[in-house]
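See structure below.
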Amino acid sequence: MKTDPNKEKALNAVLSQIEKQFGKGSIMKLGEDRSMDVETISTGSLSLDVALGAGGLPMGRIVEIYGPESSGKTTLTLEVIAAAQKQGKTCAFIDAEHALDPIYAKKLGVDIDNLLCSQPDTGEQALEICDALTRSGAVDVIVVDSVAALTPKAEIEGEIGDSHMGLAARMMSQAMRKLAGNLKQSNTLLIFINQIRMKIGVMFGNPETTTGGNALKFYASVRLDIRRTGAIKDREEVIGNETRVKVVKNKIAAPFKQAEFQILYGQGINSTGELVDLGVQHKLIEKSGAWYAYKGNKIGQGRANAGKYLIENPEVSDEIETTLRAMLLGNGEKIAPDAADTAGDNVDLETGEVF
């Protein structure tokens, strides 16, 4: 189709003026490749990174992780913080539940000496701290644990039994409007941990919902539903959980995928066990009977021993992970242009809402 040269000239002039005033990338054509480059941080689980489609959680976005009690929500966020710190990023943990265990965090690989931590008195204070850290541009990852614990000031100052209908939802809605733009500008990843509640009187469909109203559901680029599916036993002793994570909403790649992995008590995500399983599945690691071999060299009898070998030989582990990431994610941490933002009309599996 022939375009008017004067209109084309005027369009180019106004685009350059907007970019000059508001920064490069403030306006662009939807098909331009640069809009699709999403920097990500690993979740600590390779299978979850693959399920997310981009190699991890996206920077500059809001992410919600929710699930029942003791399902691994905080463990997953601590794994993200550990991965971010290894890349030299600055992280903050807003502990609204006042339940963060620094000893456990250290076991998961978190550098607690350089982790910023706040235990706010009110929900407004927690969200203001988030906003201040975001606007500074100096913090790369912020975790809020949890939305359910963000109690409005009016509720804290009032008496038990007072009605505060919709107060937390209004607070979250206002915060989301304020935070979303600032996060994009500073390229900060903001993760909200959330709890599950039951809707009363629901006869059909899923009665589960998350706290804090609907604003977070709409503003989140990624929503993860994490569940404990079973116990891992060493003889009679329970040593961990089998965990399943569903990508309920995804604005950076195709949604509705899921990942399964193990969370071991006191150790976190069993990443070496995942490498063994994915290596066998994609024929990088040979399995003959109970023996596992890599490039013709035996690495252990049984999955546990093969995993132990990878822990003791990190260079082999890194080589397998790099190869698997290249195979399963294409070019690793970036996603192909045609795969990005395919979820324009995502349907939330839990609520049926369209985003």
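The backbone N, Cα and C atoms fix where each Cβ goes, glycine too.
The following features are taken from Swiss-Prot:
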{"type": "BINDING", "residues": "Gly67, Pro68, Glu69, Ser70, Ser71, Gly72, Lys73, Thr74", "note": "ATP binding site"}
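Feature map: Swiss-Prot annotations on the structure.
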residue	record	Cβ contacts under 8 Å, 6 or more apart
Gly67	ATP binding site	Lys73, Ile196, Asp225, Ile226, Arg227
Pro68	ATP binding site	Ile196, Arg227, Arg228
Glu69	ATP binding site	Gln195
Ser70	ATP binding site	Arg228
Ser71	ATP binding site	Ile226, Arg227, Arg228, Asn241, Thr243
Gly72	ATP binding site	Ile226, Arg228, Asn241, Thr243, Ile263
Thr74	ATP binding site	Ala99, Leu100, Asp145, Ile193
Mapped onto three states, the DSSP assignment of Lys73 (ATP binding site) reads helix
